[in-house]
């Protein structure tokens, strides 16, 4: 009787082992589907967030420090002029969008780093990926529109207006124009980094099964 009981127990174990193996394989497959990216790609995503935050803060700080006073000659008269970023709606737009993008990048960076430290997927689901993708797309378009608007104003300051006596204001206001140019450069760079993040999310969505 004892021998028969031991044989039955061994048979039950033999039957249960394949089932346990199948459950483990299913869990592993689900985890792989939820993490189509490797750790290197997730670290790259975090690095993009860091760079985007740095460039947007640089664009913001360069613009808000753009102010200068000088004199300019118009029809032979020396007139005092003062230039400040807040005098232009386009420059104010750059400041506002850069601040929002910096906050967005910081939030995504904190979320990604916390999940990396817990060794969990940076992107948890398709809905999360779609949400982040939409945010990156919207902010990328906002940054490129802000940079384009600021570029138009800056170009006018550098060239003046044809057929009028208005001069090249960037000659007496060189420091102001340099600050604005640096801000515009970082604005377009932030747009590129947001676009790169959006491409990563598209790749994640194409590889994910859930």
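Quick reminder: no glycine exception, Cβ is built from N, Cα and C everywhere.
The N-linked glycosylation site annotation in Swiss-Prot covers 157 and rests on sequence analysis.
What Swiss-Prot records for 1-45 (among others) is topological domain 'Cytoplasmic'.
According to Swiss-Prot, the topological domain 'Extracellular' annotation covers 67-92 (among others), on the basis of sequence analysis.
Annotation comment: Swiss-Prot describes 114-128 (among others) as topological domain 'Cytoplasmic', evidence class sequence analysis.
Mean per-residue pLDDT, taken over the topological domain 'Extracellular' (150-178), amounts to 68. Sequence annotations record features per position, and here Swiss-Prot assigns topological domain 'Extracellular' to 150-178 (among others) based on sequence analysis.
Summarising the annotation, Swiss-Prot assigns topological domain 'Cytoplasmic' to 200-210 (among others) and lists sequence analysis as the type of evidence.
The annotation transmembrane segment is assigned in Swiss-Prot to 46-66 (among others) on the grounds of sequence analysis. Sequence-distant contacts of the transmembrane segment (46-66) (same chain, at least 6 residues past either end, Cβ-Cβ under 8 Å): 83-85, 91, 94-95, 98-99, 101-102, 105-106, 108-109, 112-113, 116, 122, 143, 176, 179-180, 182-184, 186-187, 189-190, 193-194, 196-197, 200.
Among the features that Swiss-Prot reports, transmembrane segment is placed at 93-113 (among others). For the transmembrane segment (93-113), the list of distant contacts is 42, 45-46, 49-50, 52-53, 56-57, 59-60, 63-64, 85, 122, 132, 135, 139, 142-143, 145-147, 149-150, 183-184, 187, 190, 194: same-chain residues at least six beyond its ends, Cβ to Cβ under 8 Å.
The annotation transmembrane segment is assigned in Swiss-Prot to 129-149 (among others). Sequence-distant contacts of the transmembrane segment (129-149) (same chain, at least 6 residues past either end, Cβ-Cβ under 8 Å): 56, 90, 93-94, 97-98, 100-101, 104, 108, 123, 184, 187-188, 190-191, 194-195, 197-198, 201-202, 204-205, 208.
Residues 45, 48-49, 51-52, 55-56, 58-60, 62-63, 65-66, 85, 91, 94, 97-98, 101, 132-133, 136-137, 139-140, 143-144, 146-147, 150-151, 154, 157 of the same chain, all 6+ positions outside the transmembrane segment (179-199), place their C-beta atoms under 8 angstroms from a C-beta of that stretch. Taken from Swiss-Prot, the feature transmembrane segment covers 179-199 (among others), and the record attributes it to sequence analysis.
For the topological domain 'Cytoplasmic' (114-128), residue counts in helix, strand and coil come to 7 helix, 0 strand, 8 coil, using DSSP.
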